[in-house]
Ligand SMILES: Nc1ncnc2c1ncn2[C@@H]1O[C@H](COP(=O)(O)OP(=O)(O)OP(=O)(O)O)[C@@H](O)[C@H]1O
Ligand SMILES: O=P(O)(O)OC[C@H]1O[C@](O)(CO)[C@@H](O)[C@@H]1O
Ligand SMILES: [Mg+2]
């Protein structure tokens, strides 16, 4: 078969490992050929694609980013958009199946195309780990490792100066990265979009920790909204809908209310760059191979997923029924260790 691949949405470590394993497995096991569409759905709409042979994927499992490039293009938008236009490109290129590797937005587009009768399957990805229908997405473990390492470093400088250190991590809708990296780094408070926490409560935790001679570490997800504010007027909410600046807002408030010297570090895109961890390489490699098997079985409208330790197949709708948020009990478990 001739299989098209695309990567779409925010990039994440592990995308290249999916491309590599899909190409290797397809070529070695089934004699498939591969075409990579460049920059997500944009490459499909513009018919911008490159053929992928074995040499193109050499050593890719350890490389961050995506050799195909990514974008947040909607395949239904614009004069070249829509299911008919996509079908025309696939036909012209003699592509038998399209593998869309992306988050919930990308997979929503894939689902619509599959519903229109196109041979499309999905591979779930996102550092946010907010996709339903799969226990984990690759990229998350790498982001947590990077954030944890950064927090370990913040703690040593924080302790030297008896400062409160604030670390802002990604997660505009969900707090998985904040929760896991905060737990791993022994944070004294973790603030996530799912759980309201008042400034009074936060400052009480910070003061208690400081009073027992420690340097408080506060982890905040970029999408956290301080209680009592709606979309937090002081925060710059960018045109792309991604909230920015909550770390600075929290830092200023802590310093003003507690008198404890406080510093903010926003980790930003560092969390999405560089080499994937071993866990993410393995998950992405298994997903890529399973995606080729899904194509083989003509499972259009479905995606690969990990449940426990098994790679399984689920309908794309499983990933599209709202985001996988942090359950209240997971946050309560972490909260027991905050403050004094
Ligand atoms: N229902 C939909 N149908 C078609 N396209 C969609 C739909 N919803 C979103 N998209 C398109 O998919 C693009 C990618 O979605 P988004 O930007 O959320 O990234 P993603 O694939 O979810 O990955 P991540 O959120 O992890 O960066 C969106 O920018 C939008 O253009
Ligand atoms: O790279 P961009 O477009 O600024 O998007 C950043 C967003 O993408 C993600 O990294 C992945 O969805 C989010 O954690 C973050 O809010
Ligand atoms: Mg998304």
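Placed from the backbone N, Cα and C atoms, the Cβ positions cover glycine too.
What TrEMBL says about this protein:
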DOMAIN    2-295  domain 'Phosphofructokinase'
BINDING   10, 72, 73, 103, 104, 105, 106  ATP binding site
BINDING   104  Mg(2+) binding site
SITE      105  site 'Important for substrate specificity'
BINDING   126, 127, 128, 163, 170, 171, 172, 222, 263, 269, 270, 271, 272  substrate binding site
ACT_SITE  128  active site, proton acceptor
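In this structure, the C-alpha atom of residue 106 (ATP binding site) lies 37 angstrom from that of residue 263 (substrate binding site). In sequence order, 127, 128, 143, 177, 221, 222, 267, 268, 271, 272 make up the list of same-chain residues 6 or more apart from residue 170 (substrate binding site) whose Cβ falls under 8 Å from its Cβ. Close to ligand 2, meaning a Cβ under 6 Å from one of its atoms, are these of the binding-site residues 10, 72, 73, 170, 172, 270: 10, 170, 172. Close contacts with ligand 3, defined as a Cβ under 6 Å from any of its atoms, occur at none of the binding-site residues 10, 72, 170, 270, 272. In sequence order, 8, 9, 40, 102, 109 are the residues of the same chain, not among 10, 72, 73, 103, 104, 105, 106, whose CB sits within 8 A of the CB centroid for the ATP site. The record assigns 126, 127, 128, 163, 170, 171, 172, 222, 263, 269, 270, 271, 272 to the substrate binding site, and the maximum Cα to Cα distance across that set is 33 Å. Neighbour counts were taken at the CB atom with a 10 A radius for the binding-site residues 73, 106, 126; the maximum falls on 106.
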